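Student: For reference, the structure I am asking about is given below.
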Amino acid sequence: MGEEGPPSLEYIQAKDLFPPKELVKEEENLQVPFTVLQGEGVEFLGRATDALIAISNYRLHIKFKDSVINVPLRMIDSVESRDMFQLHIACKDSKVVRCHFSTFKQCQEWLSRLSRATARPAKPEDLFAFAYHAWCLGLTEEDQHTHLCQPGEHIRCRQEAELARMGFDLQNVWRVSHINSNYKLCPSYPQKLLVPVWITDKELENVASFRSWKRIPVVVYRHLRNGAAIARCSQPEISWWGWRNADDEYLVTSIAKACALDPGTRASGGSLSTGTNDASEACDTDFDSSLTACSGVESTAAPQKLLILDARSYTAAVANRAKGGGCECEEYYPNCEVLFMGMANIHAIRNSFQYLRAVCSQMPDPSNWLSALESTKWLQHLSVMLKAAVLVANTVDREGRPVLVHCSDGWDRTPQIVALAKILLDPYYRTLEGFQVLVESDWLDFGHKFGDRCGHQENAEDQNEQCPVFLQWLDSVHQLLKQFPCLFEFNEAFLVKLVQHTYSCLYGTFLANNPCEREKRNIYKRTCSVWALLRAGNKNFHNFLYTPGSDVVLHPVCHVRALHLWTAVYLPASSPCTLGEENMDLYLSPVAQSQEFSGRSLDRLPKTRSMDDLLSACDTSSPLTRTSSDPNLNNHSQEVRGSLEPWHSSPEGAETVIDSGVGSPQLTVGEMGLPPPLPSSQKEYLSNKPFKGHKSCSLSYKLLNTSVSWEMKSNTSDIKVLEETEALAPDPSAQEEQGRTSDGLGKPPEQFLEKEAVSSLCSVSSKCGGACDFPEPPQDPLTGTPQQPHLDSMQISPSRCTPDHSQGSLCNPPSVASQTPEPNTDLLSQDPPGSTASISHQEQPSSVPDLIYKKEDAGKRGSKNGQLLENPRFGKMPLELARKPISQSQISEFSFLGSNWDSFQGMMTSFPSGETTPRRLLAYGCCSKRPSNKHIRAAGPCLGGQWAQREGMKSPVCSSHSNGHCTGPGGKNNRMWFSSHPKQVSSTKPSLLSCPSPVPPLYLDDDGLPFPTDVIQHRLRQIEAGYRQEVEQLRRQVRELQMRLDIRHCCAPPAEPPMDYEDDFTCLKESDGSDTEDFGSDHSEDCLSEASWEPVDKKETEVTRWVPDHMASHCFNCDCEFWLAKRRHHCRNCGNVFCAGCCHLKLPIPDQQLYDPVLVCNSCYEHIQVSRARELMSQHLKKPIATASS
């Protein structure tokens, strides 16, 4: 045989079926302004008027100067051109997007592109969900488990679990029929149907021939306390001829009889039963499917009168007889009552929604808003739906009667009423897990036509089939959540995400029209599930007000005046700004930046002189912006210099503006992704108890002893820098006391300076003429920014301040600084009274010394002998400026914590003296958006000019989570405050830094969409964070006390040492020739103290014991549940069990004789790093003492 050649068959991966298309750019210097998902490819990229526009195979992305539009393509309902230069984009969730172009030709070109991208798919594979899943298959196994997890066991085995949970008697009363196996009876019904046990499959076939679309009456819910059931079906086909079906009539009445035979827990005691126990027992023991009229059935309690709830009006029901439909006649259905609810059909709901979308797209403050909203009748339709559901719930709960619900076809209004009634009755469906089961069973399994109603079914051009039925039902659930905020485990963000992905086609959950189509197309295996994103373990969707264990039946107020417009969906512009937004100039060339800066939008607020009437300007609906064209700003535009003043939140209606550097416009708070502002009264209330971090955020580094002297000369202000670091978390009261200490105003407690030699307090004075010393302001726990009442209602005009290079500043050498041009910046506007000051400036890359000083008096001034850190990747940097890798899951689980959690603390980075080219920092984003186990770098407020503002201060990780400050090794806030004169702020001349390639913004979810904000849930997360922080702090204190007790126990000398024992020591001392002091003197007693005994580390003799796998059902850190796709990982240091997102870092552990890097959890990783840093610090602190003594 010859040599083996290449294989004849090529191995084709699933992603090869979905190759990316070539990117078409209108300008070569444009860059994609967002992070693409797996399988997502940008096809068109160009520029509109004052915006960047991009179209991928998943979304439409428009990046304006002060906002970002990020809409999945399947969310777009219609696209049209208006006024020749404007694209009018209407979305299926009622949003309307308008995009202006400079020329008519460009507008028509983008109209054509967008129309082709949003057209109905020709085949199912044209939907992005298939490409997304196929490209995710090429990832590593660990990534697949995190990102491609299918629905949990509660979804896959939902029917069996539901029957057991609701207590159906499947032996004597009910049975599960398999007549619909392989969907041979009804393709829009599940394969297993629950019917009374004496109903045969032959009778079910006869009933199916009489009901529309063969949707027969089946039971879907049973009340545990009284046994009353809820059934659903479609309309009977009576037609004008008045047809009847005996099997259908018998099946309906049999449901009521079965409910009487299977009473609930409350009725089992005899409250609802009038028959004898013997007869009941005889019927239970001798019951057979052929005994349809046994004596036991007749002798038991008379069945309750069944309520047939027709969702239509009586007129509509009778009119349907012309098309072959109709309604039940009470004469033909004995012991039944028919009631009509008068709910509108899909055509009326579609028109109402279109009117609602038109009203919501009007100007922000129309004079006829309430009347226009009333004319849409959207709230009226919600009210009717809620009344129908309340009627069903009251009939089942209070009267103990079974209910049969249907409309025309049984897949639109019927699931709305049934699912809503089940939420009212059963608290299980108000949990995250139960709500998922409810959507899967009542909407997906029973054939709601998601493909037609949402408009993504292939080859279906009938627009009359579209209707936001599921969106309307989610809106009604939102109304219940508003009225009962403590009885739902999920929050509003959960519902908003569900609305988005009902139309996005990113997940395959809502594709196709019925379960038969999904199974034939193998959708469940070829697409991801939306429940992977909306999983029960995701804390972002957890309602912190939820009270578990409550079995209250909900009785909502259904009046229109009690309902609210769902602003988070229909009016997102009025909601707090979303995260993940960045300045558009980051993705443009310098030439384009200057052009965009000069051509600002004309629909902004008119410019005034220094915004003197800012309060009245904030009352208007137009956003507030500032440009250098203001006459009062041009005079000082050349003198603006940066400092490190953190952000401050402004009152409602005002926007804090922050300059982004050379040639770029100011950035609003919403653009940086800051949390929404609160009124001053709430700020004062929330600032009483600031949260402090408790974990370390540092990498491996070296301490260098460096002598640095720095001074600044100016005529206006005295700038002080306050830096705090801690190695161990101190006592909370002492921690607060130390936080209030600032350069002469107080002195930190002695124990913090003596125990670890890590915590230090220092100030760097500058000779700027005058002094204005402010203590460290209290931290606002909601926004993470300090409150500065001393700076309220004043205008700040920075001026120049040149560093003194002769004193050894950390700036670049004068020769280098003179070669770089001086950038121009814009001033910030004056803040209104009642808000904190906002300062516009550039960052100082090297002018401020980022030092950690040694222990010395707090009031001492002058040159300091500081210590820098040396990171192997970044070079020299201060201790608190080292970066820490964090995982995506940590951000998504605690995305809005305002407290100083280590998961969100980006560490600042500075560059030492002499380095002309700064090292590039790590990027926090990647080209392909990945789930929790992908590491990212949290970018903190670094000292790096323009790029520092874009990459650090504006990064979503820092601005939204770390809130503009960093955490040192001990978890204490390492902030740098500038106490400035009320009139001016001085700073040094900045050095120009090289700007690396732009990094896309970091989104908080795996779906690539921003996370909806909620101020109340934000605050509740802070409260939970503070509670966990206190618990962790108490645990550390207990461990520390235990270690001290162990050391005392091991190192304690004998109570009464024998004389010969002391003589041995004395002789030993004499033999060594030591005549300095007598061992029998008073000082000799110190030699026998515990200080003379070397402490023994218990870890050297102990082996870490691992927690067994079977004992760990949840992650020790994030508390997520383990299952097939969420594997267990043991930390080699502590032995606890974690998920992949909480245990992915590797370090050697010499104490455990593990000298190669092994897997450790995030907490142990930080603890080991801090321990090593302490050892290095203690070694370097001892070197000067040894040198002096020699």
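Placed from the backbone N, Cα and C atoms, the Cβ positions cover glycine too.
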Student: Quick check on the record annotations: which of Ser78, Ser610, Ser895 is tagged phosphoserine by Swiss-Prot?
Tutor: Ser610
Student: For the feature region 'Disordered' as recorded in Swiss-Prot, pick the matching range from 724-749, 958-983, 1062-1087.
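Tutor: The range carrying the region 'Disordered' annotation in Swiss-Prot is 724-749.
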Student: May I ask you to indicate which of 426-458, 1020-1052, 1152-1184 is given in Swiss-Prot as coiled coil?
Tutor: 1020-1052
Student: Mind giving me a neighbour count for Cys1118 (Zn(2+) 1 binding site)? Other Cβ atoms within 10 Å of its Cβ, every protein chain shown.
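Tutor: Excluding its own Cβ, the number within 10 Å is 21.
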Student: Within 8 Å of the Cβ centroid of the Zn(2+) 2 site residues Cys1131, Cys1134, Cys1161, Cys1164, which other residues of the same chain have their Cβ?
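Tutor: In sequence order, the nearby non-listed residues are Arg1132, Asn1133, Gly1135, Asn1136, Phe1138, Cys1143, Val1160, Asn1162, Ser1163, Tyr1165.
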Student: Which of Cys1142, Cys1164 (the binding-site residues) has the most other Cβ atoms within 10 Å?
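Tutor: For the binding-site residues Cys1142, Cys1164, the Cβ with the most other Cβ atoms within 10 Å is Cys1142.
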Student: With Cys1139 (Zn(2+) 1 binding site) as the reference Cα, tell me which of the recorded positions Cys407, Cys1161, Cys1164 is the closest one.
Tutor: Cys1161
Student: Specify the nearest of the recorded positions Cys407, Cys1131, Cys1134, Cys1161, Cys1164 to Cys1118 (Zn(2+) 1 binding site), where nearness means the distance between Cα atoms.
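Tutor: Of the recorded positions Cys407, Cys1131, Cys1134, Cys1161, Cys1164, Cys1161 has its Cα closest to that of Cys1118 (Zn(2+) 1 binding site).
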Student: Whole-number Å only: compute the distance from the Cα of Cys1164 (Zn(2+) 2 binding site) to the Cα of Cys1142 (Zn(2+) 1 binding site).
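Tutor: Counting only the Cα atoms, the answer is 11 Å.
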Student: How does the zinc finger (1109-1169) divide up by DSSP, counting helix, then strand, then coil residues?
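Tutor: Tallied per class, the zinc finger (1109-1169) gives 14 helix, 20 strand, 27 coil.
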Student: Using DSSP with the three-state reduction, classify Cys407 (active site, phosphocysteine intermediate) as helix, strand or coil.
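Tutor: Cys407 (active site, phosphocysteine intermediate) sits in coil per DSSP, no helix or strand.
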Student: Just jot down the residues in the same chain as Cys1161 (Zn(2+) 2 binding site), at least 6 apart in sequence, with C-beta under 8 A of its C-beta; none if empty.
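Tutor: Result: Phe1116, Asn1117, Cys1131, Asn1133, Cys1134, Asn1136, Phe1138, Cys1142, Cys1143, Leu1145.
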